[in-house]
Amino acid sequence: MIFGHWALAFNLLTIAVLAFIVANSLVSLAFWSVKNKIQRYTVSTRKSLLWLCVLSPWIIALSVTLLFSPLFQSGAMFVWLTELAHWHHPNIYYFLSWHSISLLLFIGFSLTIAVRSLVVAYKNHYQIILLRTLATKKSENVFIIDSSIPTAFTGGLIKPSCFISTGLMEQLDSDDIEIIIQHELAHLHYADPLKKWVFSLLSSYFSPNVKQILKSMMAITMEQAADSFFVKTQQQAHNVASTLVRFTKLAAKYSIHEQFKSELLVHFCRQSIEQRVVELLNETQLKAFPMKLVLLTIILLAVISMTSVDSLHHAIETLFDH
Amino acid sequence: MQLGELEKQVLEYLWKAKPADAKQVHSYFEKNRGGSLNTIQSTLERLFKKDLLSRVKNGHAYQYFPKVARHELIGQLIKSVTHDFVVEDENSVVAAFSSISSDLDEDQLDKLEAMIEQQRKKLQTKAEK
């Protein structure tokens, strides 16, 4: 058992973990109920909403922890807040209690996720460097890889590069290749490999089903953003859509051969082609960022998380007495 | 894995040539870019440690040869790099959620092509008016 500032720090960390778990469950529920409606928003809004989904449990946990801290739990001004939610004995911390067990489990889980993601990043970094070394430079950030597999992708977390294979260049005309390169350069402009890695790391805190959908939706949204990055006219949108279909047909031909199947996870065409073609041809106005709704939801989730942490604490303490 | 310029050249040479020992590699590079036998020996050693070369002892010297063919190595790299960020098991939840298969067949692709063509014509007619 410890007392004083250290005990307060550990108690606040426990509050943060509990608030994070509650907020994560609430965000998962909210996301699950609106996931089909997200398509009605513009690509950039969709991106922001997905980022908000994976970041909001952290933001809510931080806010709730702050509200449980002595900063907001003392003084006449915050009596209503103390009545709404409070933490018993914040200056005493029992190491042999459910508090420290939940804290340790969360730290252990986070470390596992972090190590796994870092290993992926490390491996990827050196593989991209080797690929770059073996490739021929076409322009500043575009490399041609000598391979019969028709492929195009952007890789590299810190210094991304676009790769396009000779197999693809031989089988599509120069206009298609130009569109594919522009698409890959858009990924490079947005730093998508790094963002995908961070997003994947943050979404690991969600349940497998939610994580899967979050990652898929983000991947498709990133592809759609890259599709329309250089598109200024409707004519150009049609050209990109045509290239997309031609490329998928080419990839489908190769995927008949077992040895190419896994290599054909081409970033340019892997993500739901139909969804991307429809998006490119779509002329209807999509909705902009729903600022008021999002703010209201976050505040509501924060309040529910805060009261839930308090109730959860009370319930467990009553049941188990630490 | 990072490759220096000489390492890359030696690897490229061994991909084209038969298995060779340090002296044979050195005699090729001596004509083309200079450098001592020691440098070539340590380059071969580094490539061996990086798991890019294999070697067998032939008398007193090692015969070096690439562990995998050039196209195989590139294929492996493409596979690995694109695999790292692939969403696992795409077919299960995602297909049910989006009701759009990422594995489109020829017919569906033809339909998409026809849809694009139709839109293109519509746009053309609009422009002519």
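Cβ atoms here come from the backbone N, Cα and C positions, even for glycine.
If you look up TrEMBL, you'll see A:98-277 marked as domain 'Peptidase M56'. The annotation transmembrane segment is assigned in TrEMBL to A:6-29, A:49-72, A:92-115, A:293-316.
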Distant-in-sequence neighbours of the transmembrane segment (A:49-72), which means Cβ under 8 A and at least six residues beyond its ends: 8, 12, 15-17, 19-20, 23-24, 27, 31, 38, 41, 78, 81, 85-87, 90, 199, 202-203, 205-206, 214, 217-218, 221, 289, 294, 298, 301-302, 305-306, 309
Remote residues contacting the transmembrane segment (A:293-316) - C-beta distance under 8 A, at least 6 residues beyond either end: 15, 18-19, 22-23, 26-27, 30, 49, 52, 56, 59-61, 63-64, 67-68, 84-88, 98
Per-region confidence, the domain 'Peptidase M56' (A:98-277) (mean pLDDT, whole number): 85
